[in-house]
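This report concerns only the one structure given below.
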Amino acid sequence: MEVSKVRNEYSLSQFKVEGLLGSGAYGVVQKCVNTETGQVFAMKIIEKNKVIEKSMEEQVKREVLTQLKVKHRNLVRLHYYFEDSSQIYCLLEYADRGQLFAYLKTTGAQPEPMAARFFLDTGSGVAYLHQLRVAHRDLKPENVLLFGEELTAKVGDFGWCAEVASEKRLTFCGTLDYVSPEMLFGEPHDQGVDLWALGVLLFELLTGKAPFSMPSKKETMDKICAVDFTFDVRISPGAEELIRGLLLRESSRRMPLQQVLRHKWCDGFEAPVELAVGDLFFES
Ligand code: ATP
Ligand code: MG
């Protein structure tokens, strides 16, 4: 398996590993430093034999090539990749503040301005992907990473992204709390699944828990399918309108992302988001 032409500009010997950042289905993510330049990266190491075992070659290629192509303030940047016979090494922008998931675990429900910032950051990254006709399909706080003093949120882990061309995707993927009804029902799905996940995210940011979270998977699935959620804490009417506009059973009725990002509730916290497509490719 080869992702594409092997790149020779970097090799493993130029990097010093500084510690484990996380692990996933196909390998690990290590913090590493380029010993020549001092630049810190997160190196995602993908084991080819694990990919081949699960017949996921095409998916992994898509992950790497999509992430290489996108360049946006709210998408984790893949600077570079190289490979040898057994592994693919992806040099990712290093998230010095870790996962949004861990942040929410320690801080709980967010004040509205903070929730709006995380939501707008994530939504802007997703909007950019959608403009490229790519659905992320695995949006959840584990896959949103935080950067710098400002805690800028960026969407990472493109492992499930799919280019949404004319055909809709039939594959089931994602973690239960953020999974849309159409995915649970095994129906065709498209970028609408990301809108649903953004609704779940906003709910969780503001209340400290996911809207359909229940002790058992079965109960969670039932609640998702019935779109059965209630607000236990008071949130502002604008935020509630957004959540209700996103958590709709019918994908086509969900509020379009451009409208979401320009919603008056978002406007109250940040200047309107620029959505122009541009700068698609890296300087080579
Ligand atoms: P899974 O399938 O379980 O989602 P994965 O193999 O797709 O995992 P990622 O989600 O990309 O891998 O990364 C696994 C974990 O490594 C992340 O949840 C995060 O904690 C850490 N990680 C990934 N990328 C970065 C990064 N750029 N900077 C810092 N930490 C990272
Ligand atoms: Mg992940």
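From the backbone N, Cα and C atoms, a Cβ is placed for every residue, glycine too.
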Same-site ATP binder from ASP84, ASP157, given that TrEMBL records LYS44, GLU93, TYR94, ALA95, GLU142, ASN143: ASP157
Closest of TYR94, ALA95, ASP157 to LYS140 (SUMO2 cross-link), Cα positions, binding-site residues only: ASP157
Per DSSP, three-state class assigned to TYR94 (ATP binding site): coil
Packing count at LYS140 (SUMO2 cross-link) (other Cβ atoms within 10 Å of its Cβ): 22
Binding-site residues: GLU93, TYR94, ASP157 - member with fewest neighbouring CB atoms within 10 Å: GLU93
Sparsest Cβ surroundings (other CB atoms within 10 Å) among the recorded positions ASP138, GLU142: GLU142
Local Cβ density at LYS44 (ATP binding site) - other Cβ atoms counted within 10 Å: 27
